[in-house]
């Protein structure tokens, strides 16, 4: 099968990676192929259904593939690790999709690499299917994200903390896998030439319009800050908690990447944490905008030598961008909140209107997704909204203020903005448990709903319901991939 690889990272950035083969797997089996994505990439889904097990397990890579493990560093929970890198993933190449966009293809769970740090480099079935589901859920919500092209069972049992688990490999598609941590890797070694080469490559690939800017590296820093501020605002608007916002998990492209311990919040609480390793709540839902700025500061540090030859002037230039991050984020968040609330135009009191609703939701632990969805019905009838609040009168004073700001077509706009279906934790776990037992039908049904999250259907009612009382209080997620 022809993939038409054009591997610019391997060609232009020698020394930024290690050539490495995928580990052998005993009995690969294609579990799921993302046929719409395959077509978007200009690939033949029917042919991939037949040959995908061999290709996406790394057993028989297509002609032109160049498997490599990328080097990067990163701050993990605030502590700097000078060498991380692809410890269980291989970039196999780049292709141009039907829209003319360059896309990375990466095998995740393909075995040990020189960056594995003692781990086996493999991925278990559950985490692979989880990333597939959540990535497609984010895509359905219109949020920039990496996506899964395929999931392959390897036929190899893996020993994990919870016992023996079947092995699997995810084929991930991304605009690129360049991270803040990629810049940090070379900056930590004072290799300014490679920091510059990486910046030039990232500009050419993601922000080509900046190449002719008076100060292209400063413009690049600003563009990444803008892309990430918009991304995190969109996470917050759907109640998404990434769970591990380390600098090696922040892309230069502005895509969401690495769905290890992520989850969607149900009852609204800014302190919500699901990740089993986030013991201090560093990456709690409400902290994500602050971590956004913290991570961008680390990128700024790596770029300082490119911003100006004079250290003081370079710092001032970096700070001039950093000082805008809060306003950038708030602007995107407020614009999104106005859309969620169906407001007409923009008025000064809109932020207070939104914050007062959130305060009531927090006090009542109201479900994030259903509250905004049922507000569309509350334009004319609040009968389905009130039961979401323990005190039915909690919004008594707020509703008239909100209705006074509504656009004429508010209900229609709100239904197109506020999803009815998200990847609720209990439904994800049910689908994964069934998959472990050999039944992928629940996975497929959930995936179908998540691909069309704004269209409410009677036969999908179960996917809209919150978890049983107390489920999320004890629910924990893990870095499985």
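Each Cβ is built from the backbone N, Cα and C atoms, and glycine gets one as well.
All protein chains shown were included, and the count of other CB atoms within 10 Å of the CB of residue 88 (ATP binding site) stands at 22. Per Swiss-Prot, the feature ATP binding site maps to 85, 87, 88, 108, 120, 121, 172, 179, 258; the stated evidence is sequence analysis.
Neighbours of residue 248 (active site, proton acceptor), defined as other CB atoms within 10 A of its CB across all chains, total 23. A helical conformation is recorded for residue 248 (active site, proton acceptor) in the three-state DSSP classification. According to Swiss-Prot, the active site, proton acceptor annotation covers 248.
The local packing around residue 249 (Mg(2+) binding site), expressed as other Cβ atoms within 10 Å of its Cβ over all shown chains, amounts to 21. Residues or ranges marked as Mg(2+) binding site in Swiss-Prot: 249, 258.
Reduced to three states, the DSSP call for residue 172 (ATP binding site) is strand.
The binding-site residues close to residue 248 (active site, proton acceptor), defined as a CA atom within 10 A of its CA, are 85 out of 85, 88, 120, 172. In this structure, the C-alpha atom of residue 172 (ATP binding site) lies 14 angstrom from that of residue 249 (Mg(2+) binding site).
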